[in-house]
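Peer 1: Straight from TrEMBL, here's the annotation block:
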- 12-36: transmembrane segment (TRANSMEM)
- 48-65: transmembrane segment (TRANSMEM)
- 71-95: transmembrane segment (TRANSMEM)
- 107-132: transmembrane segment (TRANSMEM)
- 138-164: transmembrane segment (TRANSMEM)
- 171-191: transmembrane segment (TRANSMEM)
- 197-220: transmembrane segment (TRANSMEM)
Amino acid sequence: MAANIHDQSFSIVFGFLGNILSFFVYLAPLPTFYRIFKKKSTEGFQSIPYSVALFSAMLLLYYAFLKQHDAVMLITINSIGSCIESIYLIFYLIYATKTARQFALQIYTTKLVIFFNIVALGLIILVTLVSFKGHLRVSIVGWICAIFSVCVFAAPLSIIRLVIKTKSVEYMPFPLSFFLTLCAITWFFYGFSLRDFYIATPNILGFSFGITQMILYLVYRGETKALVLPDSNNKVQLEQFPNANNVQQSTVNQNQEGAMNYGVAGMISNSQVVPSELNV
């Protein structure tokens with residue numbers, strides 16, 4: 001009995017800390033959207049991170065509602081996250097109309113939202129409600145969340161690879177990696193204290209990749225800024241660039257800000273989308 005109360009207290013503390021950290025992580029893309037607002041254009045920025053973030057937040061909301069017990073912290077932050085990501089996407093759609101290419105991005109974003117949040121999420125809800133009951137239903141949805149989380153957590157490999165190639169950490173700000181790692185650690189202990197391994201397990205990958213990124217930062221922080229350019233033989237060339245607002249760099253940072261929001265309390269991570277503009 002005392003052990004259960006102890007674990008309950010730990011889960012409340014870690015859940016509260018996780019909510020605070022995750023809320024600020026959800027706000028990380030604000031500079032990107034301020035730039036979009038200022039230029040009245042989405043430029044080359046992608047909508048994929050925000051579409052996936054909305055899907056994973058809503059998926060975790062469904063899991064939390066099924067779970068019922070000890071789910072308040074999950075419901076709170078993923079409700080907030082769903083609202084924030086929806087606002088980001090609406091904002092993106094409003095300003096993705098300046099050119100023909102951006103209009104194509106607007107159509108693509110609409111298709112993404114329909115696919116993830118209506119078709120995919122709808123099928124998951126329908127199948128699990130019709131085919132499974134009770135604890136088995138919670139376990140199935142928990143496994144879906146965990147598997148999706150693992151897939152998302154593999155994404156940082158692209159940024160880690162990019163940092164090693166360029167020998168530059170311009171694509172990977174240390175504060176961002178630090179707070180994402182801290183966030184993953186917090187949610188790991190939250191899940192562990194409740195014996196909710198669908199939440200705890202994926203975050204092991206989260207803080208592992210986070211620690212890896214911070215180590216890379218310490219190794220390469222004094223190196224020359226570089227831009228990855230393929231030569232005619234498909235080999236990587238390194239070229240110095242003095243402009244900190246380089247288009248490619250800003251796109252990478254946007255991906256880092258957006259992709260890290262791939263759902264909170266089980267899916268939030270140091271994940272990055274492949275750092276390139278979206279071709280439609």
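Quick reminder: no glycine exception, Cβ is built from N, Cα and C everywhere.
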Peer 1: Contact between the transmembrane segment (48-65) and the transmembrane segment (138-164) is defined here as three or more C-beta pairs under 8 Å separated by at least 6 residues; is that satisfied?
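Peer 2: By the criterion, they touch.
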Peer 1: Ranking 12-36, 48-65, 107-132, 171-191, 197-220 by Cβ pairs under 8 Å to the transmembrane segment (71-95), which is first?
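Peer 2: Against the transmembrane segment (71-95), the leading stretch is 48-65.
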